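First up is the structure itself, then whatever we jot down about it.
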Amino acid sequence: MNLVSLQNWLDNASFAVLFLTMLLYWIGAAFPGLPAINALGTAGMAIANLSIATLLGARWIEAGYFPLSNLYESLFFLSWGITTVHLIAENSSRSRLVGVFTTPVAMGIVAFATLTLPSDMQVSEPLVPALKSNWLMMHVSVMMLSYSALMVGSLLAIAFLVITRGNNIQLQGSSVGNGGYRTNGYRLMKAGELVSQPATPPVENNGFTRLESQNNGNSNTAVLNLATTPQTPTLTSTETLSPQRLSLAETLDNISYRIIGLGFPLLTIGIIAGAVWANEAWGSYWSWDPKETWALITWLVFAAYLHARITRGWQGRRPAILAASGFVVVWICYLGVNLLGKGLHSYGWFF
């Protein structure tokens, strides 16, 4: 079997494996009492990751350059990055729900590359002079890895919104992994200051549990008091969520934050590397090409997300909505500009 035939077989095999893996994750989510299904889903994602990596390796050997020169190759590299980040996120969160959201995206990318792109765009061709540079690997690969991480982080934020049903659940400590959650009006206080969350979720009632510190002589004694507050629509809706859902929401919020925190510096490095390469190739660090403009917009969206979480202390629904919007922005930056826009980065397909 020559390398071209191997690539054709691997791209179809990758699609088939991802499709079956998606079904396994969905069945596992619908029937959580089947642990074998969940294990098969993880194995399927690992097989797809290896299959795509082998395809890219064969492409590299055949063409003699890093396989990121056209849309077909970048789509497969993106899907490989998503499956890789998925495996990291799933291992960190210990939740198979991650695959319910990430697998359809990875499968859709592979399907688009395999079944939709014209055959002449799937063939490796000699590099144009502008791409004959070591910056091809240094810039494009880092950008694609950042897209992968940001997409997975955004998908986990969308999963958080689905799990919480869009309710305003405020999570404490998820940014630094302390654990614990609270709804509006529920928190732990010590001497008037926020300290930590209880080991068990609060009793659902019309009030909230509060831990206050009272000074008795030379020692501080924590006293657990039950206070009542007027019932609000937010509390009424959040009380329908089980502790299991809240715990899962906390995990998704935490992992989403960490994955986006990984993708953002990669995006920053990729943009800087691209500016240096642009200066070498075109004589200008920044020319407001549509791709450059949307890369800057993407950077600003996720910079706002991290700023809101780190500096402003946002957690829960608001940053999740911001991250979910970032998912759309990343796709516009990566695919929309390339296919529909005009500029130095356009692939010239469709229009």
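Cβ coordinates come from backbone N, Cα and C, glycine included.
Feature list (source: Swiss-Prot):
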TRANSMEM  17-37  transmembrane segment
TRANSMEM  38-58  transmembrane segment
TRANSMEM  68-88  transmembrane segment
TRANSMEM  97-117  transmembrane segment
TRANSMEM  143-163  transmembrane segment
TRANSMEM  259-279  transmembrane segment
TRANSMEM  286-306  transmembrane segment
TRANSMEM  320-340  transmembrane segment
Other parts of the chain folded back onto the transmembrane segment (97-117), taken as Cβ under 8 Å at six or more residues beyond its ends:
11-12, 14-15, 18-19, 21-22, 25-26, 28-29, 41-42, 45, 48, 52, 71-72, 75-76, 78-79, 82-83, 86, 89-90, 151-152, 155-156, 158-159, 163, 248, 252, 255, 349
Intrachain neighbours beyond the transmembrane segment (143-163), with Cβ under 8 angstroms and 6 or more residues off its ends:
68, 74, 77-78, 80-82, 84-86, 89, 97-98, 100-102, 105, 245, 248-249, 252-253, 255-260, 262-264, 266-267, 269-271, 274, 295, 298, 302, 317, 319-321, 323-324, 326-327, 330-331, 333-334
State the non-local partners of the transmembrane segment (17-37) in its own chain: residues 6+ outside its ends, Cβ under 8 Å from one of its Cβ atoms.
44-45, 47-48, 51, 79, 96-97, 99-100, 103-104, 106-107, 110
